[in-house]
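Q: This is the structure I have questions about; it appears just below.
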Amino acid sequence: RRFKIQRPGSGVDLPQGGEFNPFPIVRRVNSSSHAVAMDDDMESGTMGPYSDRPRTFPNMKSKTYIPLMFRILLGIDVRVLLILFLLGFGAVFYIGARTSPVIVFVFSVCVISFLLSLYLTKWVLAKDEGPPEMAQISDAIRDGAEGFFRTQYGTISKMALLLALVILMIYFFRGTTSHQEASGFSRLTSAYITVAAFLLGALCSGIAGYVGMWVSVRANVRVSSAARRSAREALQIAVRAGGFSALVVVGMAVLGVAVLYSTFYVWLGVGSPGAMTVTDLPLLLVGYGFGASFVALFAQLGGGIYTKAADVGADLVGKVEQGIPEDDPRNPAVIADLVGDNVGDCAARGADLFESIAAEIISAMILGGTMAQRCKIEDSSGFILFPLVVHSFDLVISSVGIFSIRGTRDSGVKGPIEDPMSILQKGYSIAIFLAVITFGVSTRWMLYTEQAPSAWLNFALCGLVGIMTAYVFVWITKYYTDYKHEPVRSLALSSSTGHGTNIIAGISLGLESTALPVLVISLAIVSAFWLGQTSGLLDETGNPTGGLFGTAVATMGMLSTAAYVLTMDMFGPIADNAGGIVEMSLQPESVREITDVLDAVGNTTKATTKGFAIGSAALASFLLFSAYMDEVAAFALMPFNQVDIAIPEVFVGGLLGSMLIFLFSAWACSAVGRTAQEVVKEVRRQFIERPGIMDYKEKPDYGRCVAIVASASLREMIKPGALAIISPVVVGFLFRILGSYIGHPLLGAKVVAALLMFATVSGILMALFLNTAGGAWDNAKKFIETGALGGKGSDCHKAAVTGDTVGDPFKDTAGPSIHVLIKMLATITLVMAPGEQHSPIVTFI
């Protein structure tokens, strides 16, 4: 394709008013003599100034980055690779068949979901990339994102290997339960199993992040191109691209746990005389959840710092100081901002949802096995494998929801823009309806027992409680963050009186938004616990014992549409990137209107996903906390059923847990602030030293801002991440020593339990506040940009931009990181606790 630049003074008609448009006019020419004109200019060195040339964008790397694992696979002969794949496929199904028919069902559904994701990939990549200027911008974004991903995950992998060695050393001195000792399960075996599970969880979490980023950097330009034809086609491409990532992430989480479970089942000879019982097996999987949480935390921190530092720097100098539009090509930080959408929102959110599902599955398996053991249920495998079945159906129903969103028959005909949120909500409603049906089928299939014939119905109702909780959470978050509703419009109106009133209104909105979700979570926990407690399952002494498992089932119900929710989340950054590409490639205003609508809806879907994630994190943390108490009791050989905060040391542990949340949030936000300051200084420097940038006579140095943000985010993510990992270990270690001196052997365990409880409660409230306030500030700005209250460039808009910059680290760095933090605190205690009570080396609690 050849393009000819028509320069000023060459017969171009000026627009009305006689002013010349500084953007180059690009015209397709068919003449072969004109086709080589640009090449002749380049060879002779007579190209005009920047404003007269087609704008090109920098490549951050010389070639596309492919992870080492994929490079190795691509280097193998196709026939050999096919044989290895078939052998591995057969081995997995053989192990599954030796474990349980349920595992074979789970494997089959996961494989089908991967095939569906391949179809979605092929469908999305078959769409055109639009004109060359769009492809150039997309290439720059992709190269920057992949370069940062390689560096970030290289750093994370080194830290994961170091932590794996620490876990291995700790487990050499760690105790074993009475059941493990009776089955000949040694410390060495426990150490190797836990480390292997940890590394596998970390690897799968990293792959989940890469998958999220891989699809987003390829779909963004295709959405931009489709927006030139119709809004519905652009929406469909963004949804299907997000659906690919969601199916792979959820499928990998389920498949990883299922493979580990069946491998340990066969290797350890579970169920044979003198071997480990099936109810003890889920405890060996906690390392997998910890590995996933570890990688997700640093991915969220690093990606969040990157994306929001670039965004804040670009907005403060570009919009407020220079008065140029968002994603304007004259802004030196614009490429870094668009790269950040992919590494912060797509890659990090993929890892976040992966570890959420993994942690929930493992905790529910532990509680299901514990309850089945207490109730003396003969075949307890149904209660243990139930979470895997639920999430297998999740893949099926979410696929139906994704494919329910179709394009119009004639995508070339432009009509009124449909509300993308209502289209997405229809797909979600379909997924919810199917979830109710499949959940009832799952409970009847897996949880029916002769000891309590009607128990499955109670647990089905627990699942319904969870499904309703998820739906209500999505609605509440949408109400507080969508500019169609009163809270965001009131926030936008407060911008008309200045920057200060905007900040006050945004903070008050965020604080208020914590009330309804907390009431919903509280009602869900109590309802599910009561339904489980009245299920008819009794322990050896005749006491009802299904309450905690009822809460676990409610958590599974809430996450039973996780793949579709993740699809909506991935839709957001893809639409955001598409809008940036449209703006930078100077597309008509009608195209930008379509991407602006998609971008605003994307902000809402990202906020609703974060609300969904914190709600599921609250329930999952409650389960992990209960599993932690069960594990401490099993190792200590003494009851551990309650934590008394009237004990001074235990109360101090609770205070430390709450402090941890606030300190972690402060460090995450300050990391964004410091990095944004560097970006602001660099952008200001370029505008001063290169005054021709504003007149399109000089090109900004985009690569410099990318390099600043990348190096700073990797440096800044270490401190808050280390705080989260080290704090529970140090607290448990110190109070374990204190307890040994005062004759209270479980003091360390109780103090850490208080730390977990208070950190979970404080973390839920803090994350709700940060996520909702940040999303509301962002959409208040979007509402003004639609033309309300003076529109773009007005004083009201500048005040809204200030609020948006304050909310950026709230909603995309600190808030999402807290989701991971409260689950990682629980999984790290499960992995590290408890050490041998009489060992001379105090390992942890």
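Keep in mind that glycine also has a Cβ here, set from the backbone N, Cα and C atoms.
According to TrEMBL, the record shows the following:
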TRANSMEM  68-96  transmembrane segment
TRANSMEM  156-173  transmembrane segment
TRANSMEM  193-217  transmembrane segment
TRANSMEM  237-261  transmembrane segment
TRANSMEM  281-299  transmembrane segment
TRANSMEM  427-448  transmembrane segment
TRANSMEM  455-476  transmembrane segment
TRANSMEM  514-533  transmembrane segment
TRANSMEM  545-566  transmembrane segment
TRANSMEM  612-630  transmembrane segment
TRANSMEM  650-672  transmembrane segment
TRANSMEM  721-739  transmembrane segment
Q: Hey, which bits of the same chain come close to the transmembrane segment (612-630), Cβ under 8 Å, at least six residues off its ends?
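A: 352-353, 356, 359-360, 363-364, 366-367, 370, 466, 469-470, 473-474, 477, 517, 520-521, 524-525, 548, 551-552, 554-555, 558-559, 562, 565, 640-641, 753, 756-757, 760, 763-764, 767-768, 771, 816, 818-819, 822-823, 825-827, 829-830, 833.
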Q: Out of 281-299, 427-448, 545-566, which stretch has the largest tally of CB pairs under 8 angstroms to the transmembrane segment (237-261)?
A: 545-566
Q: Taking 3+ C-beta pairs under 8 angstroms (sequence gap of 6 or more) as contact, is the transmembrane segment (650-672) in contact with the transmembrane segment (545-566)?
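A: These two segments do not touch.
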Q: Sequence-remote contacts (6 or more beyond its ends) of the transmembrane segment (545-566), Cβ cut-off under 8 Å?
A: 242-243, 245-247, 249-250, 349-350, 353, 356-357, 360, 363-364, 367-368, 371, 374-375, 383, 386-387, 390-391, 393-395, 397-399, 401-402, 427-428, 431-432, 435, 438-439, 443, 455, 458-459, 462-467, 469-470, 473-474, 524-525, 527-539, 608-609, 612, 615-616, 619-620, 622-623, 626
